[in-house]
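**Student:** Have a look at this one before I ask anything.
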Amino acid sequence: MDFSIKGCDWSKGEAKGFLTGKSDCIVLGIFEAQTLSGAALDIDTATKGLISRVVKAGDMDGKRGKTLFLPEVSGIGASRVLLVGLGKQDAFNQKAYNDAVTAAWRALLATKVVQVTFTLAQLPVDERGSDWGVRAAILALRNETYRFTQMKSKPEPVSHTLKRVVFSVEPADEKAAKVAVKQAVALANGMDLTRDLGNLPGNVCTPTYLANTAKQLAKDWGMKAEVLGLKQIQALKMGSFLSVARASVEPPQFIVLHYQGAAAKAAPIVLVGKGITFDTGGISLKPGEGMDEMKYDMCGAGSVLGTIRAVAEMGLKLNVVGIIPTCENMPGGNATKPGDVVTSMKGLTIEVLNTDAEGRLILCDALTYAERFKPAAVIDIATLTGACIIALGHHNSGLFSKDDALAGELLDASREANDPAWRLPLDDEYQDQLKSNFADLANIGGRPAGSVTAACFLSRFTENYPWAHLDIAGTAWKSGAAKGATGRPVPLLAQFLIDRAGQ
């Protein structure tokens, strides 16, 4: 799909090109109380009051998400007009904007339009420029057009005909909007990769499949990929990681993906993704109902690969290292048992009280491995705890960090990217719940504050660099009729890296 930018100040009568230019449809916003947006006012004048008459007649009341097509409109170059309800003007925020653009795309994709002129990006949203509106609109469109068909014997053909979108933006935002287009397309491509990996079944997306995906990314984008096998993992003494992998016939893989966009000596940002390609719970077996969704337990790994793909396409001027410990968590005759004690790469011994708390066991060795890169910061991403879903639901990812500056950067990025996160506590008092009579620490801390104690466990392995943890158990995928991976938190991570790169 082709996206282009055209500057236009509707309030100064600069709309002639939009009024006369050929297009299948022009998209206009209407607020409640019969208030026309700036672009709608100009179109109303050009069509001799048509928009006003439609609104006055009650055919378009401006309620958020409502849409109305006006066919065969005379006086303008577009063959039809799509009116989109924006809701109340004094309550128009990021969510209202996203609701409006999503409604617009759904209406357009159900038609045979090929080229669209899109004016909604110029609407004022929380003091953001129209470049932000362009990026959000493209991501919303790509979300609506995403389909996972790889496992279908006869995939349904693409039904929409939309091929080109022209965004009208404020003239002062034109340059930034062109950058936003590039970033949005790269980001959407990264999210699509993350979603594809998550949606693949566990018998296809194995640890080896993830490793091969990383190798292909490196080949496609001029990066370096290292994949460590069982013997190399054993040589590194990653006993905690190996304790999870031992009962599966699928060999574990330890993936390291290097993106170099800055000088080789520049300290990298390290992203560590949990890569459990299927999680039965091990000997602490999960209930059968809903276990199919445990193919999504590698979405942390998928988000690392998707983020680095987006970073490479954007050409960000910084260094990023992706680390992915990946394996299956299976029961078996040689599986780790509750009560077993294992030794981590760091040398700390861990009493495994519950084999279904396995994500932290593979991540702790990866976090220790990350030290060798002398990182500027390390962020781990994991579908780690059901407790995080209880605490935050499916809207916010859980953010944990003792570094206020790093946490602040990530929260700012989450707001800018419309990929929300919420900071949860990481007080030392919670560490007491991880005490063990038989090892240096236990892998679970009981029912209270389960997501917090999981983060506390990881913090024991991150003392030598700035670190943050994102628990995406509630946000990495959706259940029910809309079941599927979401691609989150790729937008948050990519925005954080864009900000760090100063781009």
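For all residues, glycine too, the Cβ spot is worked out from N, Cα and C.
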**Student:** With Asp356, Glu358 listed by Swiss-Prot as binding Mn(2+) 1, identify the candidate in Asp279, Asp432, Asp440, Asp471 belonging to that site.
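**Tutor:** So, going by the record in Swiss-Prot, that would be Asp279.
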**Student:** Is any of the recorded positions Lys286, Asp356, Arg360 within 10 Å of Asp279 (Mn(2+) 2 binding site) (Cα-Cα), and if so, which, in sequence order?
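**Tutor:** Checking each Cα against Asp279 (Mn(2+) 2 binding site), the hits are Lys286, Asp356.
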**Student:** Given the recorded positions Lys274, Lys286, Asp297, find the one whose Cα is closest in space to the Cα of Asp356 (Mn(2+) 1 binding site).
**Tutor:** Lys286
**Student:** Inside 10 Å of the Cβ of Lys286 (active site), count up the other Cβ atoms and send me the figure.
**Tutor:** 14
**Student:** Inside 8 A of the center formed by the CB atoms of Lys274, Asp279, Asp297, Glu358, which other residues of the chain have their CB, for the recorded Mn(2+) 2 site?
**Tutor:** Val244, Gly275, Ile276, Met294, Met298, Asn329, Gly359, Ile362, Ala382, Thr383
**Student:** Which residue, of the binding-site residues Asp279, Asp297, Asp356, Glu358, has its CB surrounded by the fewest other CB atoms within 10 A?
**Tutor:** Asp356
**Student:** May I have the list of same-chain residues other than Asp279, Asp356, Glu358 whose Cβ is within 8 Å of the Cβ centroid of the recorded Mn(2+) 1 site, in sequence order?
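**Tutor:** Other same-chain residues with Cβ inside the cutoff are Val244, Ile276, Thr280, Gly281, Gly282, Ser284, Lys286, Met294, Asp297, Asn329, Thr355, Ala357, Gly359.
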**Student:** At the level of the C-alpha atoms, what whole-angstrom distance separates Asp297 (Mn(2+) 2 binding site) and Lys286 (active site)?
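**Tutor:** Cα-Cα distance, Asp297 (Mn(2+) 2 binding site) to Lys286 (active site): 13 Å.
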**Student:** Count the other Cβ atoms sitting within 10 Å of the Cβ of Lys274 (Mn(2+) 2 binding site), across every protein chain shown.
**Tutor:** 29
